[in-house]
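Here the structure is laid out as structure tokens; the discussion comes afterwards.
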Amino acid sequence: MSVPVSAPVAERSWQRFSPGLRLARFAFYLCTVAAFAVSLRTIEIIPEFLYDAPEQMADLFGRMWPPDANYLGPTLAALVETLHIATLGTLLALAMAVPVGLLAARNLTPSLPLNLLAKFVFVTSRSVNSLVWALLFVAVFGPGPLAGTLAIAFRSIGFTGKLFAEALEESSPGSIEALTAAGAGRLSTLVFGYWPQVKPAFWSIALFRWDINIRESAVLGLVGAGGIGVALDTALNLLYWDQVAVVLAAIFSVVVLAEIVVTLVRNRVL
Amino acid sequence: MSAARTAFRPNWPARLGWLLLALYVVYAGSTLGFVPERFATGLDHGRRFLARMFPPNFSRWELIQSGILESIQIAVIATVVGIVIALPVGFLAARNLMPPYVTWPTRGLIALCRSFHPIIVAILFVKAIGFGALAGVMALIVASVGFIAKLFAEAIEEISLKQVEAVRATGAGFLSVLVMGVVPQVLPRFIGFATYQLDSNLRNSTMVGIVGGGGIGATLFTAYQRFDFDVVLAILIVIVAMIMAAEIVSGWARRVFQ
């Protein structure tokens, strides 16, 4: 008669997730598939348009080639304007995001209503697309780069402010306590305690947003808010596709350049 | 004689940097024609503009509803199709799984997808396949592929190769290594990107209509051009509510897959 050495292992089974979690995951996949299927069935697509898509595409590129070299001058001027819009917009956004970020950081502002107010500002800023901000500011300040700059600035507050507040909340309390113990006031604690700690994060947020804003400011001109989008809009409305090609090439090169600059600065300085 | 000790010595290079920044702001502001009078007249316009926006006018609710629905459809289809395309592209761009002669062209493709704003891509697709939702879907697919493939490739490059090696040691083929060794490590982050991209696509799908790509954007732009600012405000409220709801849902999805 043999004695079993160990309990039979066959009935034991290991599962990585609890039943509730598995159900939730299954529900997620199910919802995704259902949403996709419903969307595919109900979206209105005109199939006749698809038949000649390759021809239209070929026609498009045929009209784009050769690019109109004479349009290079106006394009470059508009490009400089776009760069100014993106840079000024980012700076303005930072200037507005810092005070709101201070309000949003729970360790600096121990007041829930103020924190929530700041969060509300961030969410509003992010939920409204930069083109919509541009529409609103064009209605207020008229067409031109001023509307574009303000649109970029208001759109960026949410992103920069949220990340700045998170950086503030992560700063270590040691040096701040030391400053407070030495009798430093609130402003001194901010400038000498928090700022040195969040400075790298702050500039990296600024660079990151600047990179995004260059892409965004390139389209603002479509609604009249200045920059290279105006040149694009003019060329599109006149169906000068060879000029469109010049503008697109200019946008592409400035975006790639900005990305290279950001990577270089981040590696060197931060 | 003891030199006076300053705890925080003035940092002259930094001050110079701030000064240069201030000079740049003044210079750029003047080239763009920012003058105080424009702000003053603008504030006056702004008051009238706000007065015309309130109260929001929901009387064209059916129009808004169908526009929003189309925007959601565009975003969902573009995200799902974009992810399906981005997965293999991301694998091909991961430098720890693929040789350089595969990763470099793939990375170039990703950079090309990312460098143009979805609105610009939408313009080209509107020309190629005509007005309507399909152009918006295609434009957002391009944007999704650029974003997800890039982050996915970066996530794969950060995985631990030990598990990959362990799976390979059992004699698994390439596909099994991917499914059993790579995917489980990147799945939580991947769900994060996917839900983020859905949010981003929702935002952009409300805009592609401005250039003829379908969705609520066309309704919004028409109302704006007709100076029906109360309808504009109503549409904006609906858009913001939809985006906030989407953020709550995607936050829930991220928690489930943490």
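The backbone N, Cα and C atoms fix where each Cβ goes, and this holds for glycine too.
Quick look at what TrEMBL lists:
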type: TRANSMEM; residues: A:20-40; note: transmembrane segment
type: DOMAIN; residues: A:79-265; note: domain 'ABC transmembrane type-1'
type: TRANSMEM; residues: A:85-105; note: transmembrane segment
type: TRANSMEM; residues: A:131-154; note: transmembrane segment
type: TRANSMEM; residues: A:218-240; note: transmembrane segment
type: TRANSMEM; residues: A:246-265; note: transmembrane segment
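A contact between the transmembrane segment (A:85-105) and the transmembrane segment (A:20-40) is absent, since fewer than 3 of their C-beta pairs, 6 or more residues apart, lie under 8 Å.
Sequence-distant contacts of the transmembrane segment (A:218-240) (same chain, at least 6 residues past either end, Cβ-Cβ under 8 Å): 68, 71, 74-75, 78-79, 81-82, 85, 130-131, 134-135, 137-138, 143-149, 151-152, 246-248, 250-251, 254-255.
Same-chain residues lying 6 or more positions outside the transmembrane segment (A:246-265) and placing a CB less than 8 Å from one of its CB atoms are 67-69, 71-72, 75-76, 78-79, 82-83, 207-208, 210-211, 214-215, 218, 228, 231-232, 235.
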